[in-house]
Amino acid sequence: MTADLVLNDSSLLPAVGFGLFQVPPEITEQVVLDGVAAGYRLLDGAEFYTNEVEAGRALAQVDRSDLRVASKFWGEESQDRDAVLRSFDASERALDGLDIYLIHWPRASRNQYVDVWRTLIELRDGGRVRTIGVSNFTEAHLQRLIDETGVVPAINQVETHPWLPQHELRAFHARHGIVTQAWSPLGRGRLLEDPVLGAVARRHGVSTAQVIVRWHVQLGGAVLPRSTNPDRLRSNRQIEGFVLDDRDMAEIATLDCGRRTGSHPDDRQ
Ligand code: A2P
């Protein structure tokens, strides 16, 4: 099994989790059951995905003792303390408890993310959630949280994949003990057609998705590949039987072109 990552609050984070972004509510219960059956120990949800009630139905049927459940504060309408607490309550209720809570986007033009972070600190210090972190934060946003609160996020979940390896952000994370967790790690599936990755996969006799998941883990990050298909869910986390060597990593590095499949952190307000 791929080793867990140690977070700055001393808890353990499974390196490979599965995410519920764009999973339709009507199949979410089954996808969560399939994910748990496939051995995933980290479920990445969010208020915005509008499938937490359905995910909670599945979680009520499984052994949760070894499972980490994450959600995120959306904050499009309001970012004040009451709004954060209301959102947290709703996600906590739907999922019957939360292990990880993240700020989904900084929404920096509103200039409230430091206050949102203070509310997450309050939730953590009150024992409501073990791990707090952020998503889609740049170095500047992270630095401001650290300077103004002294509390370093445990996780920054950002778009990361071979087209967008995020070297500078990763280096900042490494200096501050923040885990990089990749969303859209397969480039929303578009990287699965890439010939360079296909050639690496053929050399190792594995799937292109397995190569990409392995690449994320070998760079020291956490990764959230998404699939609604039980066979793909299962195979995407089976990355123990091979290692990407220097040649593989060098070839994959040539794909870096800064291409995004989702919003830039500064564009979502
Ligand atoms: P599906 O749900 O039909 O498997 P990302 O994690 O980068 O957002 O990519 C998710 C997309 O990649 C989904 O469309 C998913 O489709 C597809 N996908 C995930 N795993 C695989 C795989 N092993 N082979 C082919 N497509 C995959």
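Just so it is clear, glycine is given a Cβ too, placed from its N, Cα and C backbone atoms.
Listed in TrEMBL:
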- 23-254: domain 'NADP-dependent oxidoreductase' (DOMAIN)
- Tyr49: active site, proton donor (ACT_SITE)
- Lys72: site 'Lowers pKa of active site Tyr' (SITE)
- His104: substrate binding site (BINDING)
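Separating the Cα atoms of Lys72 (site 'Lowers pKa of active site Tyr') and His104 (substrate binding site) is a whole-number distance of 5 Å. In this structure, the C-alpha atom of His104 (substrate binding site) lies 11 angstrom from that of Tyr49 (active site, proton donor). Mean pLDDT across the domain 'NADP-dependent oxidoreductase' (23-254) comes to 98 in this model. On its own chain, Tyr49 (active site, proton donor) has Leu20, Phe21, Gln22, Val23 as residues at least 6 apart in sequence with a Cβ closer than 8 Å to its own Cβ. Lys72 (site 'Lowers pKa of active site Tyr') has a Cβ environment of 24 other Cβ atoms inside 10 Å.
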